[in-house]
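Features as listed in TrEMBL:
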type     : residues : note
REGION   : 1-27     : region 'Disordered'
TRANSMEM : 44-64    : transmembrane segment
TRANSMEM : 84-104   : transmembrane segment
TRANSMEM : 111-133  : transmembrane segment
TRANSMEM : 184-206  : transmembrane segment
TRANSMEM : 218-245  : transmembrane segment
TRANSMEM : 265-286  : transmembrane segment
TRANSMEM : 327-348  : transmembrane segment
TRANSMEM : 368-389  : transmembrane segment
TRANSMEM : 396-417  : transmembrane segment
DOMAIN   : 432-488  : domain 'Kazal-like'
Amino acid sequence: MKGVEATPEEQERLATGNNNGSLDCKLPSPQPAGPRSVFYSTRVFMLVFLSGWVLQGMFLTYFVSVTTTIEKLYRVESRTTGTLLAATEIGQICTALFLTYLAGRGHRPRWIACMMLVLAVGVVGCVVPHMLYGTRLLDVHLDSHRVGAAPVCSQENATSYLCDSAHVQSTEARSSMTAIILPWLFFCLLVVGVGQTGIATLGIPYVDDNVGSRQSPLYMAITIGIRVIGPALGFLLGALCTRVYVDPLFDPGYEYSDPRWVGAWWLGMVFIAGFIVLLSALMFFFPRQIKPELLPPPPKKTQDKNDPPFFKDFFATIKRQLTNDILMWRTASSVLHLMPISGVYSFLPKYLEKQFRLPTHDANLVSGLGGILVMGLGIITSGVVIVKLVPTARQVAAWTAATAAIYSAGMVILMFVSCPEESFRLLSTPGNNATLACSQMCNCDEGPYTPVCGQDSFTYLSPCQAGCESSEQLDNSTWLYYNCSCIDANILTDGAKAIEAVKRYDASWNASHGPLLAGGRGVAVSGECGAAC
């Protein structure tokens, strides 16, 4: 204070750094000069922290966006990939309380940097299966999805595809590799969950401690709103990477819209891990407290034999939180809110692929842009409204309840939004094998799923199941099958997939084979028919 000199004791305390008096709140530590002064800025910390949080969110939805590719390549079911996705949550649950309690008393930016490195290690670990087994798995996949015409109807006895020695060996090889890869992926995602815990639970309190109480709601809204951009970008990155073949140097002979296509599921993880490592290096330079004047220092404790041990203090803190009624009700509300939405977004891309018959990259684009970006916009808008209007706690609770009701109604409506089911011709009689009566003499085996669309607008499991005796390649990824005994040649529906293919190539076919539709038997084209949606 002006005109008041410090006592000799105070001068000695300031000179020796023994600051445990009342002057600490008024005399902040001097910021270092030079390049390190850049890191004594809340805005710079926000930039680095939010970039890391965005990358964290990107990885989660990126992994979700490539689950269908992983299922296709490793031949695993959705419940298996669902278990893999749950590993990240298990990692967070097991470490959140202890990490928050321990790191909250230490140098939080350095803890965040270490957790970023742990996250990067887990992400890189997910790429290891591709590096070790990628070529072998790709060979197995190509062996079961050979480029060329699918087997057609033949009355001669042939070795079953399932009994073929090459198929048996490739199946055994895939099974042995999958038995190693899946537990490894679970472990790596567990590590990812541990790394994610530190970023979220330590970064937000650090920001809150370094801004004024008036600015805190806006900073929190920006923090959470920007974080939502991460999942949206993850879906977009998944859409880009799945358009690249799993081996970028190999040309499979068909396009990314082909059901046999396997995208580069590992490529985005390399990108994400590299940037996380870079951000973790920057995070090490931030101080323990950017603006000490905003937070009074904790009273200096002297070691006393009566002080409670660490774990007793820890459990006392947990008990105090569990007896906070407002916190518990708010936590229960969050759990009920996240239960449906976590399942929706975990399998939304696959649901869009199967229900609405979208290619993988289109399903990822819709998942990222259709819902998550809108969610981020709502969070940022809410923060601005709270800062400008300063509503009461009761008004905020009423607004939360109203939006929750709208959210619940929207979830119910989504249950009734669907597309017409695909029209399949599979069985001659209910409970029989998947052979139609018209193709029983064709010796069709249970080979890979190679659907064809007949001119009758039905989808058949294979050209053999449709009774097709001949085939011809139209382009790199399209085959035309004709002389099909199970397809009525008298059905000439304009717009049907097979009819349109015949029209495009009819001029050249007439010269060598005669009119395609004049032989009394139908035609089919490779791929499912797809219903209008």
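Heads up, the Cβ atoms here are built off N, Cα and C, so glycines get one too.
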Ask   = Looking at the transmembrane segment (44-64) and the transmembrane segment (111-133), are there 3+ C-beta pairs under 8 A, with each pair at least 6 apart in sequence?
value = yes
Key: Residue numbers, six or more beyond the limits of the transmembrane segment (111-133), whose CB comes under 8 Å of its CB atoms   = 49, 52, 56, 59, 63, 99, 103, 177, 181, 184-185, 187-199, 202-203, 206, 246, 265-266, 269-270, 272-273, 276-277, 279-281, 283-284
Ask   = Do any residues of this chain, six or more beyond the ends of the transmembrane segment (184-206), have a C-beta under 8 angstroms from a C-beta of it, and if so which?
value = 45, 49, 52-53, 56, 59, 63, 83-85, 87-92, 94-96, 99-100, 103-104, 108-109, 111-112, 114-123, 125-126, 128-129, 220, 223
Request  = Six or more residues out from either end of the transmembrane segment (265-286), which same-chain residues have a Cβ under 8 Å from its Cβ atoms?
outcome  = 36, 39, 45, 48-49, 51-52, 55-56, 58-59, 62-63, 66, 69-70, 73, 109-110, 112-114, 116-117, 119-120, 123-124, 126-127, 130, 134, 234, 237-238, 240-242, 244, 246, 248
Query = Quick one: mean pLDDT on the domain 'Kazal-like' (432-488)?
reply = 77
Message = Is it possible to list how many residues within the domain 'Kazal-like' (432-488) are helical, extended or coil according to DSSP?
response = 6 helix, 21 strand, 30 coil
